[in-house]
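> The following feature annotations were taken from TrEMBL:
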type: BINDING; residues: 13, 46, 66, 76, 77, 169, 202, 220, 221, 230, 231; note: substrate binding site
type: ACT_SITE; residues: 75; note: active site, proton donor
type: ACT_SITE; residues: 75; note: active site
type: ACT_SITE; residues: 229; note: active site, proton acceptor
Ligand SMILES: N[C@@H](CCC[C@H](N)C(=O)O)C(=O)O
């Protein structure tokens, strides 16, 4: 199957973007995996697909597949690239679009300086809705919230204190002293696949630099460590605000760039999270995707 695609990146989190507004390609999980493969395919952390609006009130449907081929609920850096793509491709002339994701409706706004602001909706804290199996664990109270002690299946069985929440997709946030030396490669996969997370989880390693500054590395579910994770940055800032570490606006430095996250906690727990950051096209091309079951 011959496909036109655009390669994009947002703070170094990279995407293959596909247009299915006129026809569905019907790709299999193995074909998404192939497209994401950096050696045999195009190479990407996620594949983003643009589909027509499924109902009135939204402009498009936004579908996300991880590099491992699995479809997921949400992708923050991808959302910024999505609005830049539909605008540049002439699929809309609106600078503000509403898209349906598996996690709900997102509102995306192109700024004059080329950056994009996304209304990411409200965070979700109930363990069952993350989903996270908290049964039998004693939460450690902090700020107006808590962290959960979790033993990792590693030599010495280290117990880590995780803040657990959803930004439409599941996140676990671990505070570290220094992101440079944090055990992301060793602990990331152990947290991602911990049996307490029935749908696996994105693992964020957060360094608090100041009340408005953070550094973050994320080991993403289904993609491994990426240069940036938008929902991961939202989750880390929301967790840090509730735990008393941050004010309501935080600049988050990730290995691939900076995202600004705002959460007006004073408006209540259901206040929406706003994320602002870059979204850049890299190149467009045509690829012959092999038949794969
Ligand atoms: N890179 C993304 C998140 C993509 C999905 C994630 N790996 C998951 O499985 O939930 C972002 O920028 O938010």
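Positions of Cβ are set from backbone N, Cα and C atoms, glycine also.
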> Please give the maximum pairwise Cα distance, in Å and rounded to a whole number, for the substrate-binding set 13, 46, 66, 76, 77, 169, 202, 220, 221, 230, 231.
17
> Rounded to the nearest Å, what's the C-alpha distance separating residue 202 (substrate binding site) and the residue listed as 'active site, proton donor'? Just drop the number here, would you?
11
> Quick one: of 13, 66, which of the binding-site residues has the smallest count of other CB atoms within 10 A?
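Sparsest of the binding-site residues 13, 66 by Cβ contacts within 10 Å: 66.
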> Looking only at Cβ atoms, how many others are within 10 Å of the one on residue 75 (active site, proton donor)?
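Around the Cβ of residue 75 (active site, proton donor), 32 other Cβ atoms lie within 10 Å.
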> For the recorded substrate site, enumerate neighbouring residues of the same chain (Cβ within 8 Å of the Cβ centroid of 13, 46, 66, 76, 77, 169, 202, 220, 221, 230, 231, site residues themselves excluded), in sequence order.
45, 64, 72, 74, 75, 78, 218, 223, 226, 229, 232
> When you tally the Cβ atoms that lie within 10 Å of each candidate's Cβ, which of the binding-site residues (77, 202, 231) has the highest tally?
77
> In this structure, which of the recorded positions 221, 229 has the fewest other Cβ atoms within 10 Å of its Cβ?
221
> Starting from the Cα of residue 75 (active site, proton donor), work out which of the recorded positions (221, 229, 231) are within 10 Å.
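Qualifying among 221, 229, 231: 229, 231.
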